[in-house]
Amino acid sequence: MSFAMLRIISFFSLLHLCLSTPPRGYLELRLKSAFPLNATVEIADDIYFPTNKRVWNVPLVPDEVKVLSNIPVQFHRPGIVLVNSGPLEKFGLDFETIRSERWNTQTMTIMPERIHLPFTGFRIDFMCFRNWHGPYCDKFCNENNAALINRRCTHNGTLGCPYNFRGPNCKKPITDCHCENDGFCVSEFKNPTDSVDKLICECPVGFEGDRCEKEQYEYAMPLSVDMHGNKRSEKKWMLLKQFFARSMVANELYDNSF
Ligand SMILES: *[C@@H]1O[C@H](CO)[C@@H](O)[C@H](O)[C@H]1NC(C)=O
Ligand SMILES: *[C@@H]1O[C@H](CO)[C@@H](O)[C@H](O)[C@H]1NC(C)=O
C-alpha cells in the first residue's frame with residue numbers, strides 16, 4: 001500500500017473519531033416475505049462517508065417475521081439502510097432493494113402502509129438505550145430514580161410529573177394544552193428540587209420548537225424501492241414486468257395505532 005493511500009485512510013479514520021459519539025440508541029428492523037429469500041441487510045452511519053458498515057445475511061421463510069435488533073446507530077445524523085431481497089427466479093427478479101433516502105436519525109418508526117413483493121412486511125424502529133431521552137437520545141435522566149419520587153424523565157432529560165398531570169405534587173390534571181401539530185403537553189421541573197413546574201411540548205417526528213410549530217427541515221420521505229432484472233432475456237423481463245405490476249401489497253407490519 002502506498003504512502004499516499006495510508007495518509008488518506010488515517011485522515012478519514014481521524015475524522016470519524018472526531019465526529020462520532022458513543023451510540024445512545026439503536027435500530028430494530030423487521031422483515032417479512034411471501035417467498036423463501038436469501039436477503040441481506042446493510043447498515044452504515046452517515047451517507048457521505050459511510051462508516052461502521054455492517055452486513056447481515058437474513059434468510060427469510062414465508063410468513064415468519066425476522067427481527068434484527070439492538071443495532072447501535074448514530075443519532076442526529078443521516079444513516080443508510082439497504083435491504084436486498086436476493087433472487088426470485090420464478091418472477092424474473094434478480095434482486096429488489098429497499099433503500100433509505102436521506103433521513104435525520106432520531107427516535108422514530110419507519111413503516112410504509114404499502115410495500116412491494118417479495119416483501120410483505122417492513123418496519124424500522126429507532127429507540128434510545130435506557131436512561132437516554134429526547135429525539136436524538138442525547139439527554140440523560142435516570143428513570144428508576146425519577147420513578148422513586150413519582151416523576152418521569154422528559155425529552156429534555158429533566159424531571160416532570162407522570163403523563164397528564166402537573167403541579168407541585170403532580171395531582172392536577174393537565175387541561176390547558178397549547179401544543180401544535182399533535183405535540184403532547186407534559187410538565188417539567190427545570191431543576192430537580194423545584195416545586196413549581198411548567199408545561200412543555202413533546203413533539204412528534206417532523207416537528208420541533210417550543211410549541212411544535214416548526215417543521216423539521218431535514219426530514220424527508222425515507223424509502224425507495226427498486227426491482228432489478230435481466231433485460232437481455234425477453235422472457236424474464238416480461239415476467240418481471242408482470243410481477244412488478246401486481247407487486248404492491250399492504251404492509252403486514254404496519255401499525256395504525258401510531
Ligand atoms: C439461498 O442460498 C443457498 C446457498 O447458496 C441456496 O442453496 C438456496 O437455494 C438459496 N435460497 C433461495 C431462496 O434463493
Ligand atoms: C425543555 O424543552 C422545551 C421545548 O420542548 C423548552 O421550551 C424548555 O425550555 C426546555 N427546558 C429546559 C430546562 O431546557
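Just so it is clear, glycine is given a Cβ too, placed from its N, Cα and C backbone atoms.
Residues annotated as signal peptide in TrEMBL: 1-20.
Look at TrEMBL and you will find 126-170 tagged as domain 'DSL'. The DSSP breakdown of the domain 'DSL' (126-170) into helical (H, G, I), extended (E, B) and coil residues amounts to 6 helix, 13 strand, 26 coil.
The disulfide bond annotation in TrEMBL covers Cys128-Cys137 (among others). The Cβ of Cys128 (disulfide bond) has 20 other Cβ atoms within 10 Å, all protein chains considered.
Residues annotated as disulfide bond in TrEMBL: Cys141-Cys153 (among others).
According to TrEMBL, the disulfide bond annotation covers Cys161-Cys170 (among others). Its own atom aside, the Cβ of Cys161 (disulfide bond) has 23 Cβ atoms within 10 angstroms in the protein chains shown.
Outside the domain 'EGF-like' (173-213) by six or more residues, the chain places 106-108, 135, 151-152, 154-156, 158-161, 163-167, 219 with a CB less than 8 A from a CB of the stretch. The domain 'EGF-like' annotation in TrEMBL covers 173-213.
Annotated disulfide bond per TrEMBL: Cys203-Cys212 (among others), in sequence order. In this view, Cys203 (disulfide bond) is surrounded by 23 other Cβ atoms within 10 Å of its Cβ, with every protein chain counted.
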Cα-Cα distance linking Cys153 (disulfide bond) and Cys170 (disulfide bond), given in Å to the nearest integer: 14
Cβ neighbour count within 10 Å of Cys170 (disulfide bond): 18
Minimum Cα separation from Cys153 (disulfide bond), reported as the residue among disulfide-bonded residues Cys128, Cys203, Cys212 that achieves it: Cys128
